[in-house]
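Let me begin by presenting the structure, written as structure tokens, before commenting on it.
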Amino acid sequence: MAVLWPLYLLISGPLWACLALTIPDGHPEAHHGPLFNTSPVSPSVDLPNALRVFSLDYHHVQAPFEIVLWIMLASLAKLGFHWSGRVPAVVPESCVLIMVGLLVGGVIYGVRHSAPPTLSADAFFLFLLPPIVLDAGYFLPGRLFFENLGTILWYAVLGTLWNVLGIGLCLYGVCLLAPSSLGDISLLHCLLFGSLIAAVDPVAVLSVFQEMHVNEQLHILVFGESLLNDAVTVVLYKLFESFLRLPSVTGLDVLVGGCRVVVVGLGGLFVGLFFGLLAALTSRFTFRAQVIAPLFVFLYSYLSYLTSEMLHFSGIMAIVTCAVTMKQYVEANVSERSNTSIQYFLKMWSSVSETLIFIFLGVSTIQDIHMWSWPFVCSTLLLCLVMRATGVLFLTAVVNKLRRNAVTFRDQFIIAYGGLRGAICFSLVFLIDDFPKKRLFITTTIVVILFTVFVQGMTIKPLVELLDVKRKKRALPTVSEEIHSRLLDHLLSGIEDVVGYWGQHYWKDRFEQFNKKYLRRFLIGEHHRAHSSILRVYQEVERREQRGGDEAPPVVDPRPSSRPLLPEEIDSIRRILSRNLHNFNNKQTAAYSRHTLHQEVTADKMRKPLHRHRSLPERRVDNTITLCPQQEDGEFAKSYKGRARLSRSHTVCSAGPRWSKLPAPSVQAAQPVDPEAAAVCPQDAPPTERATKKQLSFILEEEKLV
């Protein structure tokens with residue numbers, strides 16, 4: 001912490017000086033002075049035409065100057081946090097930034113004897129929140145997100161409704177029990193407060209969970225739920241706010257409000273989809289001007305957010321959908337340098353916004369508008385913990401019956417404990433219309449935010465280590481892993497197609513076909529289009545390694561290196577593969593559909609051995625390799641038909657040139673077949689004519705154990 005104080009004092013000094021430079025209009029020094037000019041209109045009254053060597057006009061640059069100073073303060077605080085030794089391992093970054101904000105707000109309050117500047121709701125929702133959501137949506141792991149989309153929506157929609165209604169109704173019961181101090185709080189006010197206090201902040205969740213490196217499934221469930229939870233809570237907040245402005249609420253109003261919630265969510269989804277496709281189409285024509293290619297990513301994303309807010313749709317849903325939609329097409333159209341620029345600018349923009357939010361959260365806490373009520377504050381804090389825990393347990397018990405990978409009890413505890421509150425509920429509480437208990441709502445919101453960020457945020461990492469929660473695999477997937485993963489996807493989609501079950505793999509395969517046939521041809525330029533799927537996988541893995549190469553350490557294969565194969569072994573392998581695995585595609589099977597499976601194929605036909613058409617010299621060579629001249633025709637039939645079937649253990653004998661000149665005996669079809677005779681070696685040949693034998697055995701691991 002010793003490193004932090006010089007940085008704080010270095011930047012806080014100019015900031016306090018600039019905040020103190022606001023001179024009242026009635027002050028005598030505001031309009032005259034020998035050398036300095038503090039008036040934005042005229043240089044001086046006494047000497048109107050005098051030339052000044054040096055002058056000061058702070059009011060002309062006050063707004064941008066203070067913005068730059070705040071950003072500088074946030075950046076230096078973040079820099080000092082990462083240079084503070086063991087502090088990052090114990091205290092989350094969000095806690096340190098809030099403490100810096102509390103310190104700065106206290107100093108400003110002591111110097112100016114008035115409340116420090118607060119973060120307005122418009123500045124938060126229009127300027128600071130979009131970069132964070134855009135960064136989260138653009139780098140969202142698409143495969144994990146869509147595989148767990150049902151569970152995420154289950155938590156985000158039903159879980160949020162459970163928390164909002166539970167907290168609101170229980171708080172109204174507390175107000176009824178204390179009519180002397182809380183009697184003027186109505187049911188709609190309690191539901192309005194429950195809708196804003198149930199908002200799980202993705203900024204706080206990301207800042208804590210990224211430092212712990214939990215497993216991918218747990219991270220995507222918590223992060224996806226917090227991201228979509230904000231969209232639901234903002235919509236419910238606006239709905240209850242509109243109910244408060246009505247003289248009376250009827251059943252029809254409730255029905256219209258429910259339809260409005262659906263329209264707001266779907267409207268944001270379609271707006272984001274439209275601007276995402278438009279951004280992808282625009283990036284197709286930027287190959288001659290790659291300098292401005294990253295600009296379209298930011299402009300279209302921000303435009304989707306503003307358009308949704310203008311139409312009273314969900315801006316968070318719009319910008320997330322826009323980022324997810326345009327990502328794969330933009331990365332294919334622009335150059336690697338442009339992709340790097342997009343990556344670093346998004347990370348920088350979101351990091352600065354996140355830092356400013358936490359600092360202003362601490363600064364805005366130093367106010368003189370607080371109102372305290374022990375029953376209301378303690379009940380709210382307890383209900384936030386209890387309702388989230390019970391909601392996670394009940395919803396997970398239902399969703400585990402439908403999931404292949406069940407959410408473990410340890411993960412459920414971390415999901416319930418990771419419901420951190422942040423700047424979203426803090427900004428929403430200031431938007432409430434004035435009524436007698438608004439200050440109580442503001443105080444309670446600040447207490448809940450500080451408790452969740454400090455207590456839960458500082459203890460969740462030791463709890464993860466204590467419960468031994470599965471951590472994230474630090475190594476990035478290789479090209480081989482990606483190809484095998486896609487192979488399994490195709491296999492599972494084929495199985496679902498055969499049995500007539502339309503699952504997630506079926507719809508994913510249908511979308512990939514539609515994407516390849518129409519969208520990629522229309523949205524990706526011909527010179528950027530990868531014709532090979534393996535090449536496309538390689539390009540994707542290469543971009544991922546460039547983004548996360550610093551975080552993922554190189555993986556060393558612990559297996560010992562095997563010796564190289566001898567030429568004789570390679571020839572033996574080649575002969576085995578050519579005999580047994582060459583013509584599997586000639587095997588004839590009956591046609592089928594995904595609705596009916598024909599059963600007329602008998603077991604005898606399915607067990608028919610595979611034969612490869614070979615020329616006469618090839619047959620003669622094969623017979624001499626696997627046959628002794630002393631053997632009879634029946635033994636040859638056994639050897640030939642046994643060799644035609646795929647056996648689990650093969651012995652290949654290589655014969656000398658003398659045996660290759662022996663004629664091949666005839667084969668009698670009437671002889672019985674013995675599958676155990678896989679190969680017959682010339683054991684009874686004379687010593688002078690016996691060739692040197694080289695054997696190579698392929699034995700499965702379970703046979704070795706037996």
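The first residue you see is number 1, and the count goes up from there.
Backbone N, Cα and C define each Cβ position, glycine as well.
Ranges compared are 286-306, 412-432, and TrEMBL records transmembrane segment for 412-432. Counted over residue pairs 6 or more apart, the CB atoms of the transmembrane segment (152-174) and the transmembrane segment (186-208) come under 8 Å in at least three pairs, which marks the two as touching. When each of 58-77, 89-111, 372-400, 412-432 is checked for Cβ pairs under 8 Å to the transmembrane segment (186-208), 412-432 comes out on top.
If you look at the transmembrane segment (89-111) against the transmembrane segment (444-464), you find at least three C-beta pairs under 8 angstroms, all six or more positions apart, and that counts as contact. In summary, the transmembrane segment (372-400) lies against the transmembrane segment (412-432): three or more C-beta pairs, each 6 or more positions apart in sequence, are under 8 Å. Within the chain, the transmembrane segment (123-140) has long-range Cβ neighbours (under 8 A, six or more residues past its boundaries) at 202-203, 206, 223, 227, 297-298, 301-302, 305-306, 309, 315-316, 319-324, 327, 342-343, 346-347, 349-350, 352-354, 356-357, 423-424, 427, 547.
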